[in-house]
Amino acid sequence: MNLWFTENQTDNLRLSFRVKNLVEFRKSKFQTLAVYDTVEYGRLFTLDDFVMLTEKDEFVYHEMISHIALSCHPKPENILVIGGGDGGTIREIERHSRVKNITLVEIDREVVEISKKHLPFVACGFDDERVSVIIDDGIEYIKNHKNKFDIIFIDSTDPVAFAEGLFHTDFYKFVFDALKKDGIMVAQTEYPFLKGDFIKEVFSSLKQVFPIVSPYLAFIPTYPTGMWSFAFASKKYHYINDLNPEFTKDFAEKLKYYTPEVHKAAFALPKFVKDLIE
Ligand code: SAM
């Protein structure tokens with residue numbers, strides 16, 4: 001019982017989980033995939049030895065990436081998710097009966113396969129008839145779609161290798177064009193404590209493209225530093241003024257992190273985060 005999985009978060013910072021057993025380890029064309037059973041956090045899914053999710057705290061990330069924008073858009077019918085092959089984000093989007101179509105564009109087929117096999121708590125929404133899964137590079141996919149989506153979620157890995165382009169101004173311009181005239185984009189944008197320069201750059205790029213832009217925060221214990229940021233970027237709807245608590249009311253009892261109060265609070269930024277984006 002002395003097996004550990006260690007994530008090297010930076011050259012100087014590590015997070016270790018005591019592991020009961022390795023469930024599966026495989027290499028795809030794109031990355032190394034692994035699933036472990038841990039003592040404290042239940043099932044753990046890693047890509048290239050970076051934590052993607054754990055069974056115990058994944059609800060924070062998936063509820064917070066999805067319900068914020070869905071609570072501000074009055075008619076979110078066509079949704080695009082780039083990345084997110086584990087299924088956690090589409091599981092949350094499906095709770096909204098106003099949503100008619102969800103397109104998930106994941107670059108690595110094996111992420112979807114391994115999640116269906118070992119992570120049923122997130123991969124439980126692939127059979128919903130509103131979902132289409134496309135195995136493709138999200139950057140290429142978005143270039144070929146204009147004026148089509150109400151909300152686009154960028155549920156990607158860290159900004160390295162094939163995910164790097166998902167954080168550039170050119171990509172945000174394609175996202176802007178792929179959205180309808182009142183569309184919203186939400187993206188995961190790393191951790192302000194140690195990625196300040198990166199966050200500065202991302203928000204400066206977003207502000208060049210979208211008229212309404214703000215970071216928001218959530219507390220995720222197994223992600224580096226525990227404080228995680230997301231970007232809300234919108235053509236029309238405002239993250240607080242257009243929040244409608246009715247949009248999550250039908251399933252509010254099923255959620256574990258998101259509430260309309262948490263929604264508002266997530267945009268109350270600590271001063272050092274505010275300074276990064278001003
Ligand atoms: N919650 C996770 C986190 O931040 O640690 C991210 C979820 S993870 C399942 C993100 C997914 O994005 C991975 O499966 C990866 O294969 C996919 N991805 C990365 N770059 C991509 C791209 N250019 N197009 C489509 N999917 C991509």
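We count from 1, first residue shown onward.
Any Cβ shown, glycine's included, is placed from N, Cα and C.
Automated prediction, rather than curation, is the source of TrEMBL annotations.
Per TrEMBL, domain 'PABS' is recorded for 2-235.
According to DSSP, Gln31 (S-methyl-5'-thioadenosine binding site) is assigned to coil rather than to any helix or strand. Annotation comment: TrEMBL describes Gln31, Glu106, Asp137, Gly138 as S-methyl-5'-thioadenosine binding site.
According to TrEMBL, the spermidine binding site annotation covers His62, Asp86, Asp155, Ser156, Thr157, Asp158. The DSSP secondary structure for Thr157 (spermidine binding site) is coil.
Shown in sequence order, Ile65, Val81, Ile82, Gly83, Gly84, Gly88, Thr89, Gln188 are the residues of the chain, 6+ apart in sequence, with a C-beta less than 8 angstroms from the C-beta of Asp155 (spermidine binding site). The active site, proton acceptor feature in TrEMBL is assigned to Asp155.
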Other residues, Cβ within 8 Å of Gln31, Glu106, Asp137, Gly138 Cβ centroid (S-methyl-5'-thioadenosine site): Phe30, Ile82, Gly83, Gly85, Val105, Ile107, Asp108, Ile135, Asp136, Ser156, Phe162, Ala163
Listed binding-site residues with Cβ under 6 Å from ligand 1, out of His62, Gly138, Asp158: Gly138
For Asp86 (spermidine binding site), the three-state class that DSSP assigns: coil
